[in-house]
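Among the features that Swiss-Prot reports, ATP binding site is placed at GLY10, ALA11, GLY12, LYS13, GLY14, THR15, ARG127, GLY199, with the record citing sequence analysis. The AMP binding site feature in Swiss-Prot is assigned to THR31, ARG36, GLU57, LEU58, VAL59, GLY85, PHE86, PRO87, ARG88, GLN92, ARG160, ARG171; the stated evidence is sequence analysis. According to Swiss-Prot, the Zn(2+) binding site annotation covers CYS130, CYS133, CYS150, CYS153. Positions annotated as region 'NMP' by Swiss-Prot: 30-59. The region 'LID' annotation in Swiss-Prot covers 126-163 and is backed by sequence analysis.
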Amino acid sequence: MRLVLVGPPGAGKGTQAEFVAAHLAVPKISTGDIFRSNVSQGTPLGVQAKRYMDAGELVPDEVTINMVRDRLAEPDASEGFLLDGFPRTTPQAAALDKLLVDLGTALDLVLELVVDDDEVIRRLSGRRTCRGCGKVWHVEFDAPSQEGRCDRCGAELFQRDDDKPETVATRLREYADKTAPLVDYYGAQGKLVGIDATGPVEDVTVRAIDALRSYSG
């Protein structure tokens, strides 16, 4: 099965991608992993990407799409894959459709993790990161025994800039502007399935797998 996973920041995409890919026995492919692999191996595409990254610029779609093409052409993706973090825009989605046609295949399904903005802000703004060991706690869902201190190493906890409510709100606006139109794009193709991403991680995984069973069964 060939899948794309979409959803706003804080929806739990990374976690669900791992579980769903393992359930389907297909590789989880993220653009972050692809970038790191190409850059560390010094591939021609990696060299191009690093040039932009070092300059603090966005890597052009052409470079990203060619990296994705190379990854999807590898043998382990021949029977299926789960894409996490790509596509992010409708032009990227159209390019993905084209490259899959070139590879003689097509997407089967797009899973959308659905969670409202207030819940995303609650999830992300409650995170606290340990200055010592890097462990991430949560003031509501996974609080340390002593407020502001890490149970693991005793170091101070802090709120990353990315987790501050105003930053989260900005990220949500960016998602709505750029990535949310993917929902319409894939909905028009009849490939979109919405998954309620509220509640415990395990419950969300069950909903996602049930949706896949309904599709394939």
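For all residues, glycine too, the Cβ spot is worked out from N, Cα and C.
Annotated features taken from Swiss-Prot, shown on the structure.
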residue	record	contacts (Cβ under 8 Å, 6+ apart)
LYS13	ATP binding site	LEU5, VAL6, GLY7, ASP84, GLY85, LEU113
THR15	ATP binding site	VAL201
THR31	AMP binding site	THR64, MET67, VAL68, GLY85, PHE86
VAL59	AMP binding site	PHE35, GLN48, ALA49, TYR52, MET53
ARG127	ATP binding site	VAL136, TRP137, HIS138, GLN159, ARG160, ASP163
CYS130	Zn(2+) binding site	VAL136, TRP137, CYS150, ARG152, CYS153, ALA155, GLU156, LEU157
CYS133	Zn(2+) binding site	CYS150, ARG152, CYS153, ALA155
GLY199	ATP binding site	none
> What parts of the chain pack near the region 'NMP' (30-59), using Cβ distances under 8 Å and only residues at least 6 beyond its ends?
Replying inline: 14, 17, 66-68, 70-71, 83-86
>> What whole-number value in Å do you get for the largest C-alpha pair distance within THR31, ARG36, GLU57, LEU58, VAL59, GLY85, PHE86, PRO87, ARG88, GLN92, ARG160, ARG171, the residues recorded as binding AMP?
In response: 30
> At the Cα level, what's the spacing in Å between GLY12 (ATP binding site) and GLU57 (AMP binding site), rounded?
Replying inline: 26
> When the number of other CB atoms within 10 A of each residue's CB is tallied over all shown chains, which of the binding-site residues GLY10, GLY12, GLY14 has the maximum?
Replying inline: GLY10
>> Looking only at the region 'NMP' (30-59), how are its residues distributed among DSSP helix, strand and coil?
In response: 22 helix, 1 strand, 7 coil
>> Give me the count of other Cβ atoms within 10 A of the Cβ belonging to PHE86 (AMP binding site).
In response: 23
>> Quick check on the binding-site residues ARG88, ARG160: which one has the highest count of other Cβ atoms within 10 Å of its Cβ?
In response: ARG88
> Rounded to a whole number, how many Å is the Cα of GLY10 (ATP binding site) away from the Cα of GLU57 (AMP binding site)?
Replying inline: 24
>> Suppose you look only at the region 'NMP' (30-59); what would the mean pLDDT be?
In response: 93
> Fewest other CB within 10 angstroms, which one of the binding-site residues ALA11, CYS150, CYS153?
Replying inline: CYS153
